[in-house]
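Report on the following structure.
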Amino acid sequence: MAAIRKKLVIVGDGACGKTCLLIVFSKDQFPEVYVPTVFENYIADIEVDGKQVELALWDTAGQEDYDRLRPLSYPDTDVILMCFSIDSPDSLENIPEKWTPEVKHFCPNVPIILVGNKKDLRQDEHTRRELAKMKQEPVRSEEGRDMANRISAFGYLECSAKTKEGVREVFEMATRAGLQVRKNKRRRGCPIL
């Protein structure tokens, strides 16, 4: 039986952990060097609830320089992973300010999974000290859950690509969300612009 194909697009601020999350899930290796993404695609197979799904993973650049290029990734999207970094409260602030309006404009009705990346840094002393200098602290789980409710996300999960904690769960939830396409519409993804 052929696998069901679904398209997942990941968005969020630059350096918030999007590419690491995709690479750890699809290739099971953590990239130690940060190279800003312009545009990358990965394919990963996943089984959820007895269904074989081929996930096309579309990585995007979070940097503002790519704001005009990024919408080219959106057509026919089945599910969005909207990411912030737990060690960057500013990246959480950009979820309602930048990412939600952009995604809801280009992908109305496409389910959004809000993902808190770099969970391992929440208890990291160096991270806490650096944030304290700016009178900030790592994002708390309840802040993430509140944001997910605020933007009407399908769900909220936290993970660490570095330790692999929670990575598979993110993609299982995303796949389930992508499979919940209403049967009465042939295709519910983002329209082609």
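All positions are counted from 1 along the displayed chain.
Cβ coordinates are placed from backbone N, Cα and C, and glycine is handled just like the others.
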Pick from 7-15, 34-42, 43-51, 169-177: which stretch is listed in Swiss-Prot under motif 'Effector region'?
-> 34-42
So which residues does the motif 'Effector region' (34-42) touch in its own chain, when a touch means Cβ under 8 Å and the partner is 6 or more beyond its ends?
-> 14-15, 18-19, 22-23, 26-27, 56-61, 63, 66, 69, 73
Quick tally, other C-beta within 10 angstroms, Tyr34, Thr37, Asn41; top of the recorded positions is Thr37
